[in-house]
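J.: This structure is in structure tokens; I'll ask about it shortly.
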């Protein structure tokens, strides 16, 4: 293939949750930090771990606290602080946007940047990558792995090749030597289920996928087969889209709980916290929505998703929570344990369609929401929140 300008970056914050705590407490640097549920409960699970814990002790996300403590008895176990993770993610995105407006967040700890138009102002893409890593390290206190490539796919693959604190370039000419020997599961977008399907076809490496007859892949997987074949060859035409969230059909958030939650009372606390977070994101985006959905997963990974459409558009936590609570009570037995909770609002429209009610309730609530948003924008997410978040069931503000 023709050589290209590797001007697409994927910046990935290393071991993000654990790194946030190490950034806040320098005494934790170099120590095995494990973000998990309360140590006292046998149902607590590991949500994240520092590289010291991963590489030195074999700690993995999803294992129980009991297992992690057995492998790493002297590890530093810390309860999750999702409000801090959101705050640090926002700070990192601000630094990225100092280099280019073309920033597309992919998750809370990684984003793509297109820096092809920044050469005169900031230098070559490699120079931008080095400066970006330096600023995030100095201003936020977190190391990052950055991949550079001619496409989002190759930038993502490059970022995965050197962790932590890596800087890797992956051009089209590098694909046969660097990508093709890798297991097919390491190709961006391939999960365990697709890996199993490909194994039945005798495909175990990315190179084998790249050399497999595309006609057979299309016959077996439809249009996905063609996309898989292209990705294995490093081909990806999708642009970095800073407005990718502008066309979203829903806004939501989900949390893996630090332990098994049992009973409606505990789960409702999490639903309320998520409703507050989703409502704030909806308002920041300038939307209203009508359809509230919840997702629940038990410790055996059985999943439930249900939704309810409201008679009116909303951006308030109260409306979202009431609908989510109704869905919980209607579709989830109280005795059944919960490990993951998600809440979303769909049917989004511009907030200009808001209608006033006869008694001004909507406008009064809107003024209150705006005041709370302004406080959080200025002082951080923890400046004001529900008191119930400080109970043992709270997850966003350190209650657990």
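Cβ from N, Cα, C; glycine included.
Feature table excerpt (Swiss-Prot):
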- 110: active site (ACT_SITE)
- 12, 109: Mg(2+) binding site (BINDING)
- 8-191: domain 'UmuC' (DOMAIN)
- 17: site 'Substrate discrimination' (SITE)
J.: Neighbour count, 10 Å Cβ-Cβ cut-off, for residue 12 (Mg(2+) binding site): what number do you get?
T.: 20
J.: Taking only the residues in the domain 'UmuC' (8-191), give me the average pLDDT of this model.
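T.: The answer is 92, the mean pLDDT of the model over that range.
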J.: Using DSSP with the three-state reduction, classify residue 109 (Mg(2+) binding site) as helix, strand or coil.
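T.: Residue 109 (Mg(2+) binding site) sits in coil per DSSP, no helix or strand.
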J.: Measuring Cα to Cα, tell me the gap between residue 17 (site 'Substrate discrimination') and residue 109 (Mg(2+) binding site) in whole angstrom.
T.: 9
J.: Tally every other Cβ atom lying within 10 Å of the Cβ atom of residue 109 (Mg(2+) binding site).
T.: 22
J.: What number of additional C-beta atoms lies within 10 angstroms of the C-beta atom of the residue listed as 'active site'?
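T.: Summing over all protein chains shown, the residue listed as 'active site' has 20 other Cβ atoms within 10 Å.
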J.: Can you tell me the three-state DSSP label for residue 12 (Mg(2+) binding site)?
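T.: It is in a strand.
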J.: Near the Cβ of residue 17 (site 'Substrate discrimination'), how many other Cβ atoms are there if near means within 10 Å?
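T.: So the number of other Cβ atoms within 10 Å of residue 17 (site 'Substrate discrimination') is 25.
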J.: Taking only the Cα atoms, work out how far residue 110 (active site) lies from residue 12 (Mg(2+) binding site), in Å, as a whole number.
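T.: With distance taken Cα to Cα, residue 12 (Mg(2+) binding site) is 4 Å from residue 110 (active site).
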